[in-house]
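Novice: Residues annotated as ATP binding site in TrEMBL: B:162-166, B:225, B:270, B:326-330, B:354-359. The feature domain 'Phosphagen kinase N-terminal' is assigned by TrEMBL to B:46-132. According to TrEMBL, the feature domain 'Phosphagen kinase C-terminal' maps to B:159-401.
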């Protein structure tokens, strides 16, 4: 009897009936998705079964903010960027300053190519940090992976990380079995990540099965840290107090390359291609996925009329010291690279090093009551 | 063959086409399902053995976790309903919400009518635990919406402030809120709103779509306590019920504001009859009349409600199977509420108390929401009569306590009648 009803009431819904209502939406996906595009993509799926509805769900559920343009779509696996390129290509172009489908991305993790970066004034630069993400080839991404896949990523990652030695020797703390003491220490170190609460992540299915197969690995020196199975398979962070970005970046590059070697040996290298660079869950993190930044005291410069202009020209962005979406406290800002794709890791960290050095000099000038107009750079 | 069908179907609905296909229509139905949701069976990716996928439920306290053994998981994890709904999807809410030490949640949902069949190995024991031992394989559920059978359903209004009966209904052939696509959800809205437009007399009313209501309408609905909001409970959001909000969601009510329907919240429809005062009999009469009218109107258009003789009315959450009915009153019981025998009396009367804000709220002063505990295995008439008899007993107790007389804990009433 059920089958009879299934036949009688079954319909093939036309595009108009399935197409999401996006008139009040302000995110990249909503700006780009047309009915024709949806019609073309709705019958496709990636080899792991990810559909266009899965891709856009987070953007449909989160109309966005009038001032901040969110991306509004995610990848469920490496193939998503290919199967749904009609949607991802224009979103990537909008988000990444006109990056074209034919453009090639440069990867350069040779820390020796970075010039300077070891002489940022520690009276101003309080701490330095570089982070990126990595996805393990052959596994679906956090919006779509099953428990088995997530656990396999964890297992492989922990194996790789535990084989590191020297300054990289460290330990893994799985979220579901850490002791209270371990948890408190990780919070005190500002290392612990929590179950996502942002509706942007929840609507994309990234918090499923929490805290299964999630954890934090860090070295004994607490200068190299890896998050497993949060918003990406891996988030890799190198950081230390003070302004020696050169050292932070060296550790970052060396650590990443060592981890990558181990994954490659298991035939599960990192997801990467010459057009998109490193493949991550959110299109905003494609390319290098790198955010290199400092916490820097700029109380005078930050109130200068040209502060925003200077940042834009230097290809930098500011955030509060609590991270994205926070305000600055006491004139201390988080300054980092604005770009992710189309320039290499070395290029982007170079921007940060050169830009912050210049801004500290500007701050010093302003302290002496001098003008900084002649120092304002041309657009990079 | 699939290719030929997709070309025919590419631009229009297929309902008429299936009749052309004739004897092969069973196959056609499944081929069409496969075209619409490419590779429904392929949704169940099996890269790992069941043991690698089995969830960690050691810290969990919900009905799903109590009954999902590794063996049951292994048996069911490769299956999917014709719509492509999988076991992992059914249990996701229970995996993500370990539960409360005191309150045992259900921990799983159905994505469509077939879920209860395809995943019966798990749903059956969950249903049995949640519904007092009801065996859905062997027992039948009685449906009875004949309000004339109700005895003495008018309460003393010095105690009873308001009376309410609610249930849910699902439209057969369309997926449920955890799994429905936008088009299916919009179809539910269309079918139900179309039917409601045919209601007459005291049931005449209008629809307020969540996407289109004016600020004024919204304020009025809030003032009437009719407006429902986007779910925030992780029990619901983890089950995917808030997707695409507020698309195809809305509220319909009659002009007198005594008959109200929620569309596409936690179920396809939630149907509520209510009024101030103690005339539960009239509330239930309107409830039955409205439900039957709506059913008649959808049947005229070729639709029906999800129902079967074992599970009664099929709804998203197993806790609402059977009648899906909660009949209750807001009642003042200042002396009873202080009596230590109050919980036991309620229990024996098969009643539960809640605060006047609904489930998960505390009572204000000594005003309680008192309603039936049971949903499945007894009919609507039986459950409402149970509430009426129970509330009358509570009022008698309150009156006796007022006069300084003692009260008696009644013997427990039997469950499956």
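The chain as shown is numbered from 1 upward.
Even glycines carry a Cβ here, placed using N, Cα and C.
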Novice: Taking the Cβ of residue B:270 (ATP binding site) as the centre, count every other Cβ atom within 10 Å, in any protein chain shown.
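Specialist: A 10 Å sphere around the Cβ of residue B:270 (ATP binding site) contains 21 other Cβ atoms.
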Novice: Tell me, if you would, which residue among B:162, B:165, B:328 (binding-site residues) has the fewest other CB atoms within 10 Å in the structure shown?
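Specialist: Output over binding-site residues B:162, B:165, B:328: least Cβ neighbours within 10 Å is B:162.
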Novice: Per DSSP, what is the residue count of the domain 'Phosphagen kinase N-terminal' (B:46-132) in each of helix, strand and coil?
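Specialist: The breakdown for the domain 'Phosphagen kinase N-terminal' (B:46-132) reads 41 helix, 4 strand, 42 coil.
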Novice: Reduced to three states, what secondary structure does DSSP give residue B:354 (ATP binding site)?
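Specialist: SS state of residue B:354 (ATP binding site) = strand.
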Novice: Name the secondary structure element type, per DSSP in three states, that contains residue B:162 (ATP binding site).
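Specialist: Note: residue B:162 (ATP binding site) is in a strand by DSSP.
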